[in-house]
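Structure record follows, encoded as structure tokens.
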């Protein structure tokens, strides 16, 4: 499991390291490395090719998406190897206790990859970096990044993954959240962006490094860290529009800087502003059970977080996940309930029913027209047939009449034969 609950300070005792029972979390350093020192990011490309490269697998010809997938696969394999070794040690030595989870290599936070270089190969990105940075020995302000002598240019195989990803503009998403989690002053009841407790139980809610629940012994309060992809959606439309405009302007500036090469200008780090998580502020004593109202400091400089002191909850005006979901291709998109569609369901059903009725009427009218046309064609064919039969009968009748006329003419023209024989009168008789 990725997140942890710290029960070390419940009894009020000091930390084993001698730091005492302090409720204040020490702020992290200003430089946020991409990984721990023992991670894959500290390897150079040559070491990575010798370690993970196989026959037909060249990291220079991969695009940036495939490179990140290979790095994540190597991280998972290294994490499994490092978690199996402490487990075997704990089984062999039960009295030694459970090793702290801080020594294990957890899954790194998701990397934000700019869309302009997501489909480019590693060699193309390296050439772009060389053309934009110019000569390595002539660049100013780059001390400590490379151990290459000034007379020779650094090659891709000698560069570490961390330096390459930093110069290419690939940034971990949880760096911004860790910087937001730093605590200033004596505010012991605030929100901690990342818990540095060494032991405890784990509950995973997304990113392992950011989701932790810590119980402190002196302030009797619970500190809840939620993943950066979750948040409460409220009606801060003006702030959301302003933030979207700022993000669009930053993205356009980065696109222009990538498309227009500058020989003496270094590639800027692609860091998009992210909203802080939902935080629980200091509890306030309330005499009655009603709502106490908003505190004096409605906006506590938390990048759009509206604080309500009566309930002890700091609520984001907009969803933290929506600020970075539009600017990168690999960040998770939060699930936002679309409540506006519920009121239009009746109207949509009526419109859909009308459309179905119109379609049925059109189909029935087309069928009736087809039947009528077929009946008309059939009648026309019958009429043509009857006309032909009538013409044939009329021809036969005319021929018969002509034959009768001819016979009458022939009989009238026939000559008379011998004289008719008549009975003679006889004079002989008995009287």
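Easy rule for this one: first residue shown is 1, then count along the chain.
Yeah, the Cβs are placed from backbone N, Cα and C, and that goes for glycine too.
Taken from Swiss-Prot, the feature coiled coil covers 372-411, and the record attributes it to sequence analysis. On the 0 to 100 pLDDT scale, the coiled coil (372-411) averages 94 in the predicted structure.
Positions annotated as compositional bias 'Gly residues' by Swiss-Prot: 10-20.
Among the features that Swiss-Prot reports, compositional bias 'Polar residues' is placed at 319-331.
Residues of the domain 'bZIP' (351-414) grouped by DSSP class, helix first, strand second and coil last, total 62 helix, 0 strand, 2 coil. Residues annotated as domain 'bZIP' in Swiss-Prot: 351-414.
Summarising the annotation, Swiss-Prot assigns phosphoserine to 39 (among others).
Sequence annotations record features per position, and here Swiss-Prot assigns phosphoserine to 61 (among others). According to its DSSP assignment, residue 61 (phosphoserine) is coil.
Per Swiss-Prot, phosphoserine is recorded for 110 (among others).
For 155, the entry in Swiss-Prot reads phosphothreonine. Every protein chain shown contributes to the tally, and the Cβ of residue 155 (phosphothreonine) ends up with 12 other Cβ atoms within 10 Å.
As annotated by Swiss-Prot, region 'Basic motif' applies to 353-372.
Sequence-distant contacts of residue 61 (phosphoserine), defined as residues of its own chain at least six apart whose C-beta falls under 8 angstroms from its C-beta, comprise 121, 122, 123.
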